[in-house]
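Report on the following structure.
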Amino acid sequence: MPRREDIKRILVIGSGPITIGQAAEFDYSGTQALKALKSAGYEVIIVNSNSATIMTDPEFSDAVYIEPLTVEFLEEIIKKERPDALLPTLGGQTALNLAVELAESGILDRYGVQLIGAKLESIKKAEDRELFKKTMEEAGLEVLRSRLVNNLTDALETAREFGYPVIIRPSFTLGGTGGGVAFNEEELREIVTKGLIESPVHTVLIEESVIGWKEYELEVVRDGAGNFIVVCSIENLDPMGIHTGDSITVAPSQTLTDVEYQRMRDAAYKVIDAIGIETGGSNIQFAVDPKTGRMVVIEMNPRVSRSSALASKATGYPIAKIAALLAVGFTLDEIPNYITGKTLAAFEPSIDYVVVKIPRFQLEKFPGADPRLNTQMKSVGEVMAIGRTFKEALGKALRSLELDAAPKLDLDHIREHLANPTPERISYIFAAFRNGMDVEEVHELTKIDRWFLREMKACIDLEEELKEKKFDVEVLRKAKQWGYSDREIAEIWQVSEKDVRKMREKNRIFPVYKMVDTCAAEFEAQTPYYYSTYNGVENEAIPTDKEKIMILGSGPNRIGQGIEFDYTNVHGVWAFQEEGYEAIMVNSNPETVSTDYDTSDRLYFEPLTVEDVLEIVRNEKPKGVVVAFGGQTPLRIARHLVEEGVNIIGTSFESIEIAEDREKFAKLLKRIGLRCPPFGTASSVEEALKVAEDLGYPVLVRPSYVLGGRAMAIVDTPEELERYVREAAIVSPGYPILIDKFLEDAIELDVDVVSDGKYVWIAGLMEQIEEAGVHSGDSACVLPPVSLSEKLVEEIEKTVHRLVKALKIVGIANIQMAVKDEEIYIIEANPRASRTVPFVSKAIGIPVAKIAAKIMVGRSLPELLSEYFPYPTRPGTKVDKLGDSEILPTPWPRMFSVKEVVIPFHKFPGTDVLLGPEMRSTGEVMGIGEDFAEAFAKAEIAAGNPLPTEGAILATIADKDKRDAIPLLAHLADMGFEIYATKGTAKALQSHGVDVKVVPKVGEGRPDVIDLLEQGKISLVVITQSSDEPSLVAVSHGKDPFKVEGRRTVGYMIRTTALKRKIPYLTTVEALRAAVAAIRKMKRGSIVKVRKLTDTWKM
């Protein structure tokens, strides 16, 4: 079946902001699909609210819309662009849910748009738990006993009938949100109540428990002619009961017999057939009872998913690209296998290596959250590693996680930790074996298959052998084949990593590189995609004689280092290719565009450690290595690379050192006459109190050695400082604590700047909406800035110029500053690309990272910018040609862009939602408008926090904020909002003549503030933190060894109730000010205006 000629224009919906359960894998899938559809001759329109994506770059489609992903905005885009078809299978759960809404509300029919890639009926059969169960039973497939309920009474009755434990799964939610496992009635009440709120249709499925069964997934593809292939089988090392996104997974599956696999394969075909998936990729999950072999179908996703991204990277088979072509009528035997170039996509991939994926967690960012893993996903990223054996792949994957220190284990409670898995579970399994437990005991507690446990125990036995035979060459060779790093061997031998490397080199123990080719080396691959192994002789990565640039990626997604850095990496790759170099990418993250087989010239899927990078350098001998695009990951290993003679291009390592070292940086600022907030260091509690007294409170404290992840805090009093130092940090001469004067009421600015060593260009000058003290990664920001005077902007440009020249920046840097009383303070400078680069590039219409990369290989800045000149500059400034001054003109777009963040608080009930100096957001959205108010309102809608235009507001304002907040609340009252307030706030409002209803605080009478929220009477909560509300850990609740730290102040209860009830909330005066402007704009008329991204640059 050739391509469909009845379709010309296709609308693709992206997945929106990165959240837990829906991450960078959808940018990877989307980008692949857009490329495929364009090359097949279709016009493509893409809509996504996330600017930090390659798929929203204008090169990949005919029209890009960065707009909120809601039905109202999508209808406007459909009305304007008139697509023939909508492809909803590339944007995760978000896009599927929207497709269902657009179809059911009649919008698709009204504009004559047809769904391709998945029919409405199929989406519903796969997503609606009750329908899915019925469909499976009709197809003769076994599913778990379950019942759909919409109230607590029915849930309790069902659980009694099935017997505890039971699994609770809310309908139509992402990453298991709101679900869980209930072992008793009390837990059931809690989970069901939450699940009914989280489910958009307010139903949950109560399901019999299969905890401890083995979990498998098949990634399958089917075309319109009925051809069906299994791309990859994936085995979860962790048994059922842990979300597959939080499980360690292995491909291909290791413990299935051939008979079981064939049975599963046949069942998968029946599933796809029964659901009615005619074309595209699907992911099907099975559970197998290890005792009886009983197999049940758990669920299926009728779209590309996290697992399909993993399967694509594991096999080299590009599922998303092929699914997109199948959706427009191609069949598998008409599509080439892009890796071999010789075979067809109808061939099932076969692989001669093992792939291990391990999730990356950051629970320390969410104190108060339960650390135990369950059916609700909690990890923020993942790594993948490839080896010839399971042991080798596991070893490589563990070091790819980039966990700086071994986790602190609670050795008195090993058995509890084995029975209740937490993110440290692998460390506990190793600890159990080191402490003499046997495979059988560990299996009983963990229910992990004995085969995996025997492999892990063998590694611990090898540790003993290493200790006994120190410096034995054969044992060293064996350890390398089993995936041990030089660093781990060095720790066992108590020598330096360098010593082990020297011994290895002397005995010629080197890895060889093997190719990922989809066909177990049966055909020759065209696309160079490699992994290292010590279990091989022949090196398949033969270097070319071209000049090469090697780019170090950013490793697993984590908070503070996410998809934005991958965006920069990819732009870097393209820039070096355009300049005639061979671009080599090194990364370990399977979710990303940078690890796509056709992004770079050569891809090494390897851990980002000194050892692994040096081995690739030894093989490829690049002209230079780029460390400025991957966030902190490459910077952390830069020193070791330089010591080994690796050439780092761009900003020199000396400059990186100065910027990263507080004392050196402060000296440099002093030398060039710039200010930074006064600071001091302390090595004891007494010194800390003295430094703070000299600086004057409030102060910002950060220890150089962190315990329990509470890295930074703003402290207002000596008592708080003393408590902080005793509880949250180790303070000793070896581990000093840094204390900065905290600038209250300052405006914080974020500057992305590019320089070629002579000219300096501020690409983006952003103003943070939250006050200084909220981490810039968690604050919304606006470009161009809204509250800076003409004089101040000129002053900022000169300051940046002076600092960039002094740091000798070549390429890109990010500078954070604060402005207080018209004085400029430098907070920090990062000699690398920052997380705002994609946002700035989309706001100004100039690819900032590409320009920075070309500068690193010798191009000049005015020459590169001339292609985009003239671009809009500040009103009143006139620039005829670039290069008259060393300070190149700062872009000043006529449209306003707001970046807003998305923080996964609802995944971690128990965590306080206050913003502070510790970053916790996982993703971002962008709102574009003709003024700040419109842009902010759209950004809030896109972030899932839409502001109300009517209803009641609950206000409880700290004394220090009343002066600024009361007039703003009065303004909302004038706009017709009803105001409820606690006693002190109400009094202040009444003195301003505002009509207000007084509500008792908790414990001061009923109905109190919490009752009001629970009754659903409030449409917006405004609550700022008061200084008498302790901002430190106080009470602890929960059973050993899973103590949960948390605070239970009234403010905390109000914030968490608002979060739980999905009521929008504002926690700072700045956010309130922005919200008032946005609400006023929304009340004046619709803000549902959509604009093509490229048009916003021409305004």
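Sequential numbering from 1, following the chain as shown.
Every residue, even glycine, has its Cβ placed from backbone N, Cα and C.
Swiss-Prot has this to say about the protein:
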| type | residues | note |
| --- | --- | --- |
| BINDING | Arg129, Arg169, Gly175, Gly176, Glu208, Val210, Glu215, Gly241, Ile242, His243, Gln285, Glu299 | ATP 1 binding site |
| BINDING | Gln285, Glu299 | Mn(2+) 1 binding site |
| BINDING | Gln285, Glu299 | Mg(2+) 1 binding site |
| BINDING | Glu299, Asn301 | Mg(2+) 2 binding site |
| BINDING | Glu299, Asn301 | Mn(2+) 2 binding site |
| BINDING | Arg702, Lys741, Leu743, Glu748, Gly773, Val774, His775, Ser776, Gln816, Glu828 | ATP 2 binding site |
| BINDING | Gln816, Glu828 | Mn(2+) 3 binding site |
| BINDING | Gln816, Glu828 | Mg(2+) 3 binding site |
| BINDING | Glu828, Asn830 | Mg(2+) 4 binding site |
| BINDING | Glu828, Asn830 | Mn(2+) 4 binding site |
| DOMAIN | 133-328 | domain 'ATP-grasp 1' |
| DOMAIN | 666-857 | domain 'ATP-grasp 2' |
| DOMAIN | 945-1099 | domain 'MGS-like' |
| REGION | 1-402 | region 'Carboxyphosphate synthetic domain' |
| REGION | 403-541 | region 'Oligomerization domain' |
| REGION | 542-944 | region 'Carbamoyl phosphate synthetic domain' |
| REGION | 945-1099 | region 'Allosteric domain' |
Checklist entry - Of the binding-site residues listed here (Arg129, Glu215, Asn830), which is spatially closest to Leu743 (ATP 2 binding site) when Cα positions are compared? => result Asn830
Item to check | Listed binding-site residues Asn301, His775, Gln816, filtered to Cα within 10 Å of Gln285 (ATP 1 binding site) | outcome: Asn301
Item to check | Alpha-carbon distance [Glu828 (Mn(2+) 3 binding site); His775 (ATP 2 binding site)] in Å | outcome: 12
Next on the checklist: Please identify, among the binding-site residues Arg129, Ile242, Asn301, the one with the smallest Cα-Cα distance to Gln816 (ATP 2 binding site).
Outcome noted: Ile242
Next on the checklist: If I take the alpha carbons of Arg129 (ATP 1 binding site) and Asn301 (Mg(2+) 2 binding site), what is the distance between them in whole Å?
Outcome noted: 12
Item to check | Distance, Glu828 (Mn(2+) 3 binding site) to Asn301 (Mg(2+) 2 binding site) (CA atoms, angstrom) | outcome: 45
Checklist entry - Can you tell me the three-state DSSP label for Arg702 (ATP 2 binding site)? => result strand
Next on the checklist: With DSSP assignments reduced to helix, strand and coil, which class does Asn301 (Mg(2+) 2 binding site) get?
Outcome noted: strand
Checklist outcome for this item: By a three-class reduction of DSSP, Gln285 (ATP 1 binding site) is assigned strand
Next on the checklist: Can you give me the Cα-Cα distance between Arg702 (ATP 2 binding site) and Asn830 (Mg(2+) 4 binding site) in Å, rounded to a whole number?
Outcome noted: 18
Next on the checklist: Could you check which of the binding-site residues Glu208, Glu215, Ile242, Glu299 is the closest Cα neighbour of Glu828 (Mn(2+) 3 binding site)?
Outcome noted: Ile242
Item to check | Winner by Cβ contact number (other Cβ atoms within 10 Å) across the binding-site residues Glu208, Glu215, Glu828 | outcome: Glu215
Checklist outcome for this item: Taking every residue in the region 'Allosteric domain' (945-1099), the average pLDDT works out to 83
